[in-house]
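S.K.: Have a look at the structure that comes next, please.
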């Protein structure tokens, strides 16, 4: 699943091509995603200008003349900017054409993504209004994490992936950040002290920024809007490296399951 770095890479690429452009045509080939794509978008969107493209958590927000188009990549979604004459392929479900002869194409083999319209205050959308802070913002700091973890018996990894506490951190980057912080993913969140929380917040921010700089992680489906893969997977400390030597101490990387997700860690480096 694309996590925050991959969605941010997508946003930056799309913004270069689409911000300020006027939508000319909408094509819906398969409306069946996580929620059905409204056929009303075919008449509603043409003529509207895309004023800005923002990101909230893993949602892409296209601020248009009369509302906001919301996109989520789901498990396998991908957005490409292509010439409008490019023939569609299997799993290409939605096209948004603009006034420079280009289009935004939404491809989603597993169809867990979403394309929604909201004409009110975007902060009040039901999918967005209860989200936690952005992990790269000043609102997410050591004191915030320390406060949010008090009395929690859930593992710190599960808390990091709770979108009501902090957004955008998926399985890959939770594993990597916990290794960088030297904290076991199995530790109860409420057991962390203030110093550990500060160290973990710093590791989360550093890991996400490094991933964005590397173009994100391309393990299965992800490419940026021009079709280029990311390379952060080449820098993984523990994720996907079970049974291999820890790059820091030589101990074999361990693997377990937490909440239906694979967890990777070094028992020597992480406590």
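These residue numbers are counts, starting from 1, taken along the chain as shown.
A Cβ is built for glycine as well, from the same backbone N, Cα and C atoms used for every other residue.
From a predicted model like this one, the values you see are computed outputs, not experimental measurements.
For 2, the entry in Swiss-Prot reads active site, schiff-base intermediate with DNA. What Swiss-Prot records for 3, 58, 261 is active site, proton donor, and it gives sequence analysis as the kind of evidence. Residues or ranges marked as DNA binding site in Swiss-Prot: 91, 110, 152. Marked as zinc finger by Swiss-Prot on the basis of sequence analysis: 237-271.
Where in this structure would I find these features, and how exposed are they?
M.R.: Taken residue by residue with DSSP, residue 2 (active site, schiff-base intermediate with DNA) is part of neither helix nor strand, so it is coil.
In sequence order, 58, 168, 169, 170, 171, 172, 173, 216, 217 are the residues near residue 3 (active site, proton donor), counting only same-chain partners six or more apart with C-beta under 8 A.
In the three-state DSSP reading, residue 58 (active site, proton donor) counts as coil.
DSSP gives residue 261 (active site, proton donor) a strand state. Its own atom aside, the Cβ of residue 261 (active site, proton donor) has 15 Cβ atoms within 10 angstroms in the protein chains shown.
Taken residue by residue with DSSP, residue 152 (DNA binding site) is part of neither helix nor strand, so it is coil.
Residues 155, 157-158, 161, 171-172, 175-176, 178-180, 182-187, 219 of the same chain lie 6+ residues outside the zinc finger (237-271) yet bring a C-beta within less than 8 angstroms of a C-beta in it.
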S.K.: Just to confirm my parser: what is the rounded mean pLDDT across the zinc finger (237-271)?
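M.R.: For the zinc finger (237-271), the model's average pLDDT rounds to 97.
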S.K.: Determine how many residues of the zinc finger (237-271) DSSP places in helix, in strand and in coil.
M.R.: 0 helix, 12 strand, 23 coil
S.K.: Over all shown protein chains, what is the count of other CB atoms within 10 A of the CB belonging to residue 2 (active site, schiff-base intermediate with DNA)?
M.R.: 25
S.K.: Round to the nearest Å and give the CA-to-CA distance linking residue 152 (DNA binding site) with residue 2 (active site, schiff-base intermediate with DNA).
M.R.: 27
S.K.: Rounded to a whole number, how many Å is the Cα of residue 2 (active site, schiff-base intermediate with DNA) away from the Cα of residue 110 (DNA binding site)?
M.R.: 13
S.K.: On the three-state reduction of DSSP, what should I expect for residue 91 (DNA binding site)?
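M.R.: It is coil.
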